[in-house]
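A short write-up of the structure that comes next.
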């Protein structure tokens, strides 16, 4: 039987961003799960509190006599209980006998997700969680305790610790315990009691969850290596772009500066995330300052990346010199997206890893999804308009450039849709996180897709000696490449335009135009002088 405690948070989006920031500045723990007067909820005939769940790898050194709660062996995977205290109501304590030693029982249960059916009476064909007198008489369990079916292959699992209240005491402190993990899996921690007189009992303290190589949860551990590799990938891209930038710095256009900013933000984002994960892995708590910087870099980079795609699709710097009257709308969309993205990133990356309500997260995901849809629609609408203009003007070089960009963008959108479908299927078919070892691939894919699209833009709009092939010029209405395809004679005005656009450039397009003009003049030969006006003709 599987139990889950829903927090049922209700957050208004307008003030949610500020409230989340204020709350998470106080509590930004990950593998360290804090309990601050948490309340138990009723499940069947038991009272239940979910203490946490994480993927843990098997310890490298098991059952060492040198291990202790204060100094666990390096390389061990464990769950450690620190200052766990249970507080029952005064009314419940006053009803007990002062001479009685055990006046209330609270149980701590640790199990692997595959053993969830062993908790409760499902193997006895009953929905009860706590043992009754009838079941006790039949020898299945002890009355007043949680029903647990022992695993014959692992007799000591699921783990159970019993904590008793004494006499009329209102509080009881759990002894420090360290549970070593001997098998890789997703582990759940439950606090439960069966006595109705303990209703209203709360829990305080914390538990520490550690993997063999650090405090990062199993779902997140591979991401530290991934961000390290992505930092190197952005560094390589940045160096290649910088060399090209310096080599052709005289031919740099404004669009190149925008691409440079996005590359720099990507490098900073990956580096900060790597150091954030490394710090989290060594301490067990997320560093507030580094995490806030990482979240902000991610939000700014995502926003500028989408704005870059949008202005490129509009033909900024290629078909039109400025965005004109739509600049305000573009900036407003970017600002709204940044706020929504920042809120979502803070919600996902600050606080306990597994304690967020799905409904609360949906409240932050929906605005970002809607804004992403707006960006996609606007980008493809702008691309359609830009391609139509280039086709009408017969700017063949720019038209081919934008066709390649459109194809690349279309492939990315199709991959995104397919991956969203896979992500929905993955989450729907794995509600208990049994496939936690592969969960890191889902966020990693979006980072790789964003990097790939940035590489495509860098290749298509790389600085070169011939920036006129994609840069806006005053003579864009004139078809530079189309001149050689016409059979008409180049007029003086057209030749003037050719000289103005090409100048002394030795690019293949300009050389071809000059040869075509020269060949046309030679074929026509010298033209005869025009006839004199009538008043000068001989009578």
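The backbone N, Cα and C atoms fix where each Cβ goes, and this holds for glycine too.
Annotations in TrEMBL come from automatic prediction, not curation.
Using a Cβ-Cβ cut-off under 8 Å and counting only residues 6 or more beyond its ends in the same chain, the transmembrane segment (220-243) has close neighbours at 30, 211, 213-214, 259-260, 263-264, 266-267, 270-271, 273-274, 277-278, 280-281, 353, 440, 443-444, 447-448, 451, 454-455, 458, 462. The transmembrane segment feature in TrEMBL is assigned to 220-243 (among others).
Residues annotated as domain 'GOST seven transmembrane' in TrEMBL: 222-467.
Under the heading transmembrane segment, TrEMBL lists 255-275 (among others).
Taking Cβ pairs closer than 8 Å, the transmembrane segment (290-311) reaches residues 28, 258-259, 261-262, 265-266, 268-269, 272-273, 275-276, 279, 323, 330, 334, 337-338, 341-342, 345-346, 349-350, 372, 375, 378-379, 382, 409, 450, 453-454, 457 in its own chain, all 6 or more past its ends. For 290-311 (among others), the entry in TrEMBL reads transmembrane segment.
Residues or ranges marked as transmembrane segment in TrEMBL: 323-340 (among others).
Under the heading transmembrane segment, TrEMBL lists 360-384 (among others).
Residues or ranges marked as transmembrane segment in TrEMBL: 405-426 (among others).
Among the features that TrEMBL reports, transmembrane segment is placed at 438-462 (among others). Long-range neighbours of the transmembrane segment (438-462) within the same chain, counting only residues 6 or more positions beyond its ends whose Cβ lies under 8 Å from a Cβ of the stretch, are 219-223, 226, 230, 233-234, 237, 240-241, 244, 255-256, 259, 262-263, 266, 270, 302, 305, 308-309, 312, 401, 404-405, 408-409, 412, 415-416, 419, 423, 426, 470.
The annotation region 'Disordered' is assigned in TrEMBL to 500-539.
Marked as compositional bias 'Basic and acidic residues' by TrEMBL: 511-526.
Annotation comment: TrEMBL describes 527-539 as compositional bias 'Pro residues'.
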